[in-house]
There are 2 protein chains.
Amino acid sequence: MTVETIASHRCFEGEQLRLKHRADSLDCDMHFSLYLPPAARGGDVPLLYWLSGLTCSDENFVQKAGAQRYAAEHGVAIVAPDTSPRGEGVPDDPEGAWDFGLGAGFYVNATEAPWDRHYRMYDYLTEELPALLAEQFPVDTSRAAIFGHSMGGHGALVIALRNPARFQSVSAFAPIVAPSQCPWGEKALGNYLGPDRENWKNYDTCALIEAGALQLPMLVDQGEADNFLEEQLKTALLEQVCSRTGYEATIRRQPGYDHSYFFISSFIGSHIAFHARALEQSLAED
Amino acid sequence: MTVETIASHRCFEGEQLRLKHRADSLDCDMHFSLYLPPAARGGDVPLLYWLSGLTCSDENFVQKAGAQRYAAEHGVAIVAPDTSPRGEGVPDDPEGAWDFGLGAGFYVNATEAPWDRHYRMYDYLTEELPALLAEQFPVDTSRAAIFGHSMGGHGALVIALRNPARFQSVSAFAPIVAPSQCPWGEKALGNYLGPDRENWKNYDTCALIEAGALQLPMLVDQGEADNFLEEQLKTALLEQVCSRTGYEATIRRQPGYDHSYFFISSFIGSHIAFHARALEQSLAED
């Protein structure tokens with residue numbers, strides 16, 4: 001597995017890298033960003049996966065979230081993958097909409113043509129990328145947590161709920177908690193997975209919790225001034241299913257905050273500290 | 001003076017604003033960004049001016065520096081103006097170069113046609129913008145400090161050295177310390193101010209210190225892996241003139257850091273703490 005270093009910047013005494021590789025699971029070249037804290041010079045460090053929202057690449061988070069300070073303090077690496085396959089031959093929304101296709105992979109394995117050839121972000125994130133990171137970088141993928149924003153919050157929650165043994169904790173900013181029940185999700189899942197809504201349940205946080213997903217430390221922040229809250233994000237559905245099933249999640253509604261990176265940056269330190277605590281606890285239990 | 005609010009985002013319990021107004025000194029409409037910390041709800045707070053580098057607008061800093069956390073902690077506002085006049089009728093580099101004209105005002109009052117009509121960033125920053133801020137926002141412009149990056153580091157140093165009574169402290173990231181002696185500066189000052197190099201000395205940090213500028217708390221960070229260090233920034237010239245004249249400045253060379261916002265974000269907390277200390281000290285002396 002060859003990985004090309006596109007850029008490297010010293011940041012909080014660690015290194016902010018941008019990398020490129022051939023992703024077999026997606027049948028295209030992919031970029032990803034990786035922050036290695038100063039502690040990574042002394043050996044493998046725990047790994048946080050950050051999944052971004054609609055229209056983002058691997059770069060938005062590393063430029064706007066201000067996460068490196070906290071990652072350096074806690075000695076954790078953060079990988080930020082892209083949000084969809086890219087490149088020539090990768091199909092996009094036929095009308096060029098920003099909520100589907102490029103920049104909008106929704107972290108699923110598509111089953112429907114023409115999407116099924118490249119749009120396999122679930123496999124990429126749960127298999128190919130972890131293997132590559134474990135092989136090539138000073139990260140311990142057995143000590144991992146996952147978080148994300150909006151579509152990426154959806155991806156983080158779904159991936160963690162389906163792989164509870166592989167993540168010590170999960171968190172999300174303004175996640176799409178029930179893609180089966182909102183316009184963004186219905187468009188994406190309908191196209192990627194086809195019309196049978198039974199197949200959507202594997203990619204729906206509320207449905208997974210309803211079906212009895214294992215308990216995992218979970219933190220969710222949702223801005224109350226977020227324009228997408230009512231129609232797309234529907235935090236209330238997560239609150240209800242957690243309450244109904246006894247799933248313990250910390251869901252915080254943050255007055256005045258919107259959907260932007262100004263919201264994310266305000267609470268990213270709190271999320272990274274949450275994951276660092278869960279990772280330390282799991283280490284203490286080993 | 002009418003100011004239009006373009007955007008407002010809650011951030012670290014304060015407000016990140018983007019604003020627009022008619023700038024008489026520049027004869028055009030201008031945008032600027034303003035972070036108001038939570039403390040501003042209780043009365044006027046001290047003000048930091050951030051001046052950005054070549055090609056930047058008022059937005060780069062607020063999105064990439066991660067400054068809001070520290071501004072909130074220390075209870076200071078930060079205003080980030082644009083880097084040049086903008087809009088129809090504002091002349092640009094005839095060849096569209098990025099190091100002169102739009103996005104490259106160099107914080108001077110141009111004296112040469114066609115630049116002298118709009119390119120009056122020095123007056124804008126020392127007169128018009130402070131008056132507007134004092135009138136319209138909960139900031140105390142008598143308690144102020146100034147800092148910036150690259151071309152903006154040059155601007156911050158020059159403006160502070162020429163107005164030492166108006167700023168409690170000054171700092172810079174990778175500043176152009178001697179524009180009279182580097183290609184970026186020679187092009188800009190030559191075009192904006194004409195060929196007589198005597199006139200350039202008012203906009204040259206090293207020349208101002210050489211000429212006996214008053215002492216002001218001064219902090220400079222310079223990355224040693226900065227590609228522009230040798231040809232454009234020339235930190236050594238600042239070190240030499242400070243040493244020669246007995247001007248006390250803290251000039252830190254930071255191993256491994258480049259010219260990017262990853263460098264700025266790594267040390268922005270240290271700079272804001274430096275200014276907060278100077279502002280508190282001046283208050284104690286009042």
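Backbone N, Cα and C define each Cβ position, glycine as well.
Those TrEMBL annotations? Automatic predictions, nothing curated.
The active site, charge relay system annotation in TrEMBL covers A:Ser150, A:Asp226, A:His259.
Annotated features taken from TrEMBL, shown on the structure.
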residue  : record                           : Cβ neighbours (10 Å)
A:Ser150 : active site, charge relay system : 25
A:Asp226 : active site, charge relay system : 21
A:His259 : active site, charge relay system : 22
Quiz item: In angstrom units, rounded to an integer, how far apart are the Cα atoms of A:His259 (active site, charge relay system) and A:Asp226 (active site, charge relay system)?
Solution: 5
Practice problem: Look up A:Ser150 (active site, charge relay system) in the DSSP assignment and report helix, strand or coil. | Solution: coil
Quiz item: To the nearest whole angstrom, what is the C-alpha distance linking A:Ser150 (active site, charge relay system) and A:Asp226 (active site, charge relay system)?
Solution: 11
